[in-house]
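Chemist: Here's a structure for you.
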Amino acid sequence: MSVLLGVIYRTTIWVATPSMIGMDPDKYAVSILAVSNGGIDVLSGGFYANLPLFHTLFTVVFEITGVGPSTALQAPMAILYSTLPVLVTASLAKSLFGVRSSKIGAILASGGSATILYSSLTIPQSHMLLIWYTFVLLLLSTWKRSQGYTFVFLLLIVSMAGTHKLGAGIPFVFILSTIAFLYVLKNKIISFKTERQYIVYLLISGVVFAIQMLYITEWAKAIGMKIKDVFTKTPETTVTVTAASSVGSFPQLFLEHGSWITLLFIGAIAWLGILYTHDSEKVQSLLSVVAVSAFFVVMAIATPFSMSVERAIAIGEPFLIILIVGGLVTFSKRSVGYRYLTPMIVILLLSVQLGTAGAVPDHPAEIQEYLSKDEVEAREWANTHVRSNIYSQYFIAQEIIEYDGPRATFKTGTGGGFAKGWFPLSEFLVTNNLSKVDGCVALRQNQTLVRYNGLFKLNYDPVVQLESSGRTKVYSNEGMSIYC
């Protein structure tokens, strides 16, 4: 039932949104079409030109199924993220903490905010995480006999490394931290067979990590340059926001980030409880997985690298859920009070996971990162009829709707992800300088939130400013208006 509900919800999000969700998925749809037409060589330069596993796999799906490039990405991800996290959670919870934990875990996993987000955020990291979940499931399920699966683990680690920048680093850090847990924190002497296998896995993941970072992609050099820039680069001149107010109240922040804050807070309590009540090697490895996820969350918050917290929490969401339900079931056996606490925690987690921004594509606390049907029609009209530059809200300027059209691009990231001929309007909006825009302006109807080094709410009506600067409305529908 949990899998069915997860499939229905995630598929509904996919079907109900007229465009792809998020900044990057549309660029990968364009790249799949480009690779299908011109081969891997079209991905010249960058990480994915050297390790194009994601593009190769989904190009094959695209060519075999005959569906559009966006569907070739979205359909498999919607199905896999509806099933695999639930099955991983249920299976491991049952083997570690019993049948009751498995049932509760399956319910919570079906409503996991991060996996709901990734079911529609069809990017290489989403594919890599599915392999990661499989890796942890197989490793913990074959604990005492894992030496017979060494080649399988090698394939999984190589697949992760060939899919995403973090693909080799995550298993390496996980295995290293597991050894630390079993030897240092718990002072536990594990069997020679298990010890030998973990050293083998550490060496495998370490070698793959080094090859990926130093030789194939030179990504370590890029990281070093980024760290150097933090300490040596002259701070860029920032624009003073004069026509918008920062959105940063606690209710707003909780609606935006409450899912991972709540999950981490309850997970931390469960982590400490399990640490002192369970000494099995498999449970200690689960604690290690969760610690690795927390490590990447800290990296996302405290370092200059471009990883969102929501993406970092996805590394450990199924395993945090297992830990939480394991703690609830363990302590409910010790006290009647804990038995009443269990349903309250489950309801709280489900409510927060499904009620905050990650699980809802058009949440009021966030900017809507997909185009409505009317907005798609407005984009199509602008692409056909407007010859000058077009400025619009950040997401709208980025979104690609015609994957083989002349404005399509498969470059991602700041400065490279905008549709050809489209440019960001954010700086002009937050400073009330629309009269200085060199081109046409496409405004989403009634959108007052603007993302510009943070989230801001406009203090004025941009339509009035546009009309006073002598611009004429050349197109309008219920979703968007275009002024030239």
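For all residues, glycine too, the Cβ spot is worked out from N, Cα and C.
Straight out of TrEMBL:
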- 28-51: transmembrane segment (TRANSMEM)
- 71-92: transmembrane segment (TRANSMEM)
- 148-164: transmembrane segment (TRANSMEM)
- 198-216: transmembrane segment (TRANSMEM)
- 257-274: transmembrane segment (TRANSMEM)
- 286-306: transmembrane segment (TRANSMEM)
- 312-331: transmembrane segment (TRANSMEM)
- 338-360: transmembrane segment (TRANSMEM)
Chemist: Between the transmembrane segment (286-306) and the transmembrane segment (257-274), do 3 or more CB pairs sit under 8 angstroms, pairs being 6 or more residues apart?
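Modeler: Between the transmembrane segment (257-274) and the transmembrane segment (286-306), contact is present.
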Chemist: Please report, as numbers and ranges, the same-chain residues at least 6 past the borders of the transmembrane segment (28-51) whose CB is under 8 Å from any CB of it.
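Modeler: Hits for the transmembrane segment (28-51): 20, 58-59, 62-63, 68-70, 72-73, 122-124, 161-163, 165, 212, 216-217, 219, 400, 403-404, 408-410, 412.
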Chemist: Would the transmembrane segment (148-164) count as touching the transmembrane segment (71-92), if touching means at least three Cβ pairs under 8 Å and pairs must be 6 or more apart in sequence?
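Modeler: Between the transmembrane segment (71-92) and the transmembrane segment (148-164), which are separate recorded stretches, there is no contact, as judged by 3 or more close Cβ pairs.
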Chemist: Does the transmembrane segment (312-331) come near the transmembrane segment (71-92), with 3+ Cβ pairs under 8 Å (pairs 6 or more apart)?
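Modeler: In this chain the transmembrane segment (312-331) contacts the transmembrane segment (71-92) - 3 or more Cβ pairs sit under 8 Å.
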Chemist: Please give the sequence-distant neighbours of the transmembrane segment (71-92): residues at least 6 beyond its ends with Cβ less than 8 Å from one of its Cβ atoms.
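Modeler: Result: 2-3, 6-7, 9-11, 13-14, 20, 25, 28-29, 32, 58, 61-62, 65, 102-103, 105-106, 108-110, 112, 115-116, 118-120, 122, 126-127, 130, 133-134, 136-137, 140-141, 286, 317-319, 321-322.
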